[in-house]
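K.L.:
Quick one: the structure is below, and I'll ask about it shortly.
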Amino acid sequence: MSTTIIGFPRLGEFRELKFTTEKYFRKEISEEELLAAAKDLRAKHWNIVKEKGITEIPSNDFSHYDNFLDAAFLFNVVPASVQNLDLSDLERYFALGRGYQGEKGDVRALPMKKWFNTNYHYIVPKFEKDTQVKLAGHKIFDEFQEAKELGLNTRPVLVGPFTFLQLSDFEEGVKADDFVDSLVAAYQEVFAKLAELGATRIQLDEAALVKDLTAEEKALFLNLYNKLLADKKGLEVLLQTYFGDVRDVYADLVNLPVDAIGLDFVEGKKTLELVKGGFPADKTLYVGIVNGKNIWRNNYEKSLAVLEQIPAENIVLTSSCSLLHVPFTTANEEFEPALLNHFAFAVEKLDEIRDLDAIRNGQGSEALAANKELFATERVGENAELRARIAGLTDADYTRLPAFAEREAIQEEAFKLPALPTTTIGSFPQTKEVRAKRLAYRKGELSQKEYDAFLAETIDEWIKWQEDIDFDVLVHGEFERNDMVEYFGQNLSGYLFSKNGWVQSYGMRGVKPPIIWGDVTRLNPITVKWSSYAQSRTNKPVKGMLTGPVTILNWSFPREDISIKDSTLQIALAIKDEVLDLEAAGVKIIQIDEAALREKLPLRRSDWYEDYLDWAIPAFRLVHSTVAPDTQIHTHMCYSEFTDIIPAIDNMDADVISFEANRSNLEILDELKAKNFQTEVGPGVYDIHSPRVPNEGEIDNTIEAILAKVPSKKVWINPDCGLKTRGIPETKESLIRLVEAAKAAREKL
């Protein structure tokens, strides 16, 4: 047998790529310096994988921003507005992901969506009528050649043509079938050039095959691959899947003239059953047996039990998905050994893959013995009081009274807000000064009194600024918070926090998910101090800002020893206690963010309710079910596909919900109208994930489009997400335009 991985983290052990790229964005280094630093980082990563004994090393899994965007650039799927910018290739590439606003032009970034059921986001290309698909880039060849010069014959990785078409957008009047022939020709040209450079095998990532597929989608897949595989240009083709099983196309897949198939044996419910039903002797099976999404040690006995049931003769052991979804290494963590031994980050997962391979080959007995010992004892005890509280919950605990319509009238009278009320999602820019003060406080260089004085002064400044530009519902800015999940987790029992456990979320942005180690309870009030302080500084309502239980769970590394449902209910009770304390402190508008609600929705529709929504929605309702009718509950959701779960979202029974909608062209509005959505809505009127400031009239046009679909009495005006990562000048300029546009729209009602 041999070993490999689907992909490796690219930000670097200490987020080197992030910091270098941000220097480039700030024009502190040149394009050449950025490219040189990235080349050094790739060499370092390849060397790590090689030294760990992995026999097949991937290349082109690295990206300066996003692999899906890389594929779009490679195949010339670039809007004319960006093609025409008088910029370098790299500048145009970044313009697709970040937008561009400067002397050469003004273009908006492409949409951004969640990558399947992860917290990674991909950039969504758009096929237009004038799109000419052709081989236009060279990154995949350059990186293969780089590795070859280091003595490594790597396996290049590329998004497969089916997934590329399935996850892209199409201009009205064009469809995926229109681009099959040109896309196949472009892929075959890639094959030919790689073969010429000395490559022997290419990995085509086809994660879209693990979703429910219609007859038309299966036909598209087969049409693409029958044409593509008719001439492989001498390359072996590995068709790699992950995030689930391929039950809809397995029979077709094994009959295609591919040389190898990669399947997920971790998240694929039916993968083992499918393979036991037969796997071709002339193909290699890449067995995704080490979890690429979670950070717990692999249980070797359980993995070996699965491997023993696989009838395939030619096997390569691999990760269940790319390792970009886990942190780099545990080597830089400071946990006690008794804790650390339970964790495997990306580098340690290389060891696990190698160990499993060795054990199967009659070696590795010491590794197996150590692993058995690790799993021989209970890792953590139970909180009996918490378990009893959950067991005692009844239907009434999940039901808020009175019903929405009655609450809406009560709140209208209580708050007396104007039509189209304005607010923001919660956070304001975290400047270098804010971060430096927090760090100094953590290090003990700043006293509690000094730190509190700084936070109070900063909150005062932003409360006054919001009043000055005439916002209707204010926020305190969240300057005391580092991360919307970590901040809460630090005040909950059962949580652990890594020092350097960064994971890429989008572009160069990393998140550091906490680890749910044991049962979760609230230790102390978390947000009451600063939310109530901010409310005391103004007569306007100030929103209390909380992270919801499903998002806290989804943006953490969850336990594997209890169900995620039970873990979420534990978190929900902790956040419920916080909601009630905020209300008691006089905070009458409370936002409970569920930014990641859609994220862990099963990829197959048949699993949506039983496996997820039937407990995720009640968990949210549990949090706010006992607040008074004149307390207004808001929630917020980030980049995801929401249109297919609108009724479930309405059933959360919040009073107001804000969506990301601007970057995806307000697509959700038609569905809100069709489903008679009852909750008041704030479909973000400008995209904060791009540094560009909306043009004069841009927000006005967006509001006009919203009001064409949603009754004005139901509409709130807000950005599409929090402003933590933006600069102060662009934030203030954008928000002033937002308030002006809202006032102008009111006059037209």
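Placed from the backbone N, Cα and C atoms, the Cβ positions cover glycine too.
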K.L.:
Kindly point out which candidate in GLU171, GLU172, GLU599, GLU610 is recorded by Swiss-Prot as part of the 5-methyltetrahydropteroyltri-L-glutamate site with ARG15, GLU16, LEU17, LYS18, LYS114, TRP555.
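P.N.:
The one candidate that Swiss-Prot places in that 5-methyltetrahydropteroyltri-L-glutamate site: GLU599.
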K.L.:
Out of GLU378, GLU382, GLU478, which is the one Swiss-Prot records at the L-methionine site of ILE425, GLY426, SER427, ASP593?
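P.N.:
Candidate in the recorded L-methionine site: GLU478.
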K.L.:
Given the recorded positions GLY426, SER427, HIS636, CYS638, HIS689, which one's Cα is the least distant from that of LEU17 (5-methyltetrahydropteroyltri-L-glutamate binding site)?
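P.N.:
Answer for the nearest of the recorded positions: HIS689.
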K.L.:
Same chain only, sequence gap of 6 or more: which residues have a CB within under 8 Å of the CB of SER427 (L-methionine binding site)?
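P.N.:
When sequence neighbours closer than 6 are ignored, SER427 (L-methionine binding site) has VAL475, GLY477, GLU478, ARG481, MET484, MET545, GLY722, LEU723, LYS724 within Cβ distance under 8 Å.
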K.L.:
Within 10 Å of CYS721 (Zn(2+) binding site), Cα to Cα, which of the binding-site residues ARG15, GLU16, LYS18, TRP555, GLU599 are there?
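P.N.:
Correct set: empty; none qualify.
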K.L.:
About how far apart, in whole Å, are the alpha carbons (Cα) of HIS636 (Zn(2+) binding site) and ARG15 (5-methyltetrahydropteroyltri-L-glutamate binding site)?
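P.N.:
About 29 Å separate the Cα atoms of these two residues.
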K.L.:
Across all the protein chains here, work out how many other Cβ atoms are within 10 Å of the Cβ of ARG15 (5-methyltetrahydropteroyltri-L-glutamate binding site).
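P.N.:
The answer is 18 other Cβ atoms.
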K.L.:
Which chain-mates of ILE425 (L-methionine binding site) that are at least 6 residues away have a CB under 8 A from its CB, listed by sequence?
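P.N.:
Expected: VAL475, GLN591, HIS636, SER658, GLY684, ASN718, PRO719, ASP720, CYS721, GLY722, LEU723.
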K.L.:
Counting across all protein chains present, how many other Cβ atoms fall within 10 Å of the Cβ of CYS721 (Zn(2+) binding site)?
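P.N.:
The answer is 27.
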